[in-house]
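Colleague: So Swiss-Prot lists these for the protein:
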type: ACT_SITE; residues: 60; note: active site, nucleophile
type: BINDING; residues: 119; note: substrate binding site
């Protein structure tokens with residue numbers, strides 16, 4: 001194992017044509033194109049052997065990424081880590097780009113060392129949406145009350161049981177997740193919902209976004225939203241957000257995730273603002 005190096009990648013992709021990050025294999029064949037599948041095909045071409053590419057987490061179909069982390073182990077000793085950037089990009093479809101590559105400790109794991117995942121949903125708020133924005137924004141023909149939405153969002157902090165926003169098929173052993181930051185912002189017709197947590201349940205962000213907007217449209221009080229959150233009853237969800245219009249980023253640390261890391265990261269987020277979108 002001493003002859004194997006671990007390389008950490010930063011990846012951006014347009015997820016429109018992909019079933020998500022993770023491969024979906026039937027027998028020996030991939031059922032639908034995936035981001036992981038495309039990366040592993042290229043890694044195999046570069047190394048002339050099968051190479052596993054491990055991502056920081058799964059994403060739903062149609063999710064775009066600006067900074068997802070993934071790692072692979074390479075037996076190549078003489079290539080500098082940054083040279084994997086053009087090596088991969090010359091063979092990948094244009095919808096997937098490697099934006100950074102660096103050698104890391106063998107103890108770092110893209111999934112288990114990840115301290116935070118961030119989703120951004122983009123909603124185009126206008127009577128008519130621009131055609132070129134439709135693949136990347138959810139169109140709603142009204143302007144929601146951003147003040148009320150942020151009042152709801154302010155209740156999503158710290159460790160919370162997210163059963164109310166879990167999908168029917170979610171198989172997570174624990175439904176608790178740790179929220180770092182949740183807020184709405186508005187800029188040039190686009191309302192953005194940003195949520196950062198240690199991890200998410202399957203389709204949880206879609207369900208949560210839909211519930212927030214459903215509550216805002218009904219003019220629910222903050223207390224009513226909190227009641228849904230703590231009910232642990234997914235039947236109280238609002239209609240889920242459609243799949244398009246959201247992007248994903250990951251922050252990783254050389255240390256395995258711990259409560260101590262949580263508290264440190266929460267303090268750092270409060271003082272660094274957009275720095276939370278840096279991958280490493």
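Cβ coordinates are placed from backbone N, Cα and C, and glycine is handled just like the others.
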Colleague: Which of the three DSSP-derived classes (helix, strand, coil) applies to residue 60 (active site, nucleophile)?
Modeller: coil
Colleague: Here are some recorded positions: 60, 119. Which one has the most Cβ atoms within 10 Å of its Cβ?
Modeller: 119
Colleague: C-alpha of residue 119 (substrate binding site) to C-alpha of the residue listed as 'active site, nucleophile': distance in Å?
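Modeller: That comes out at 12 Å between the alpha carbons.
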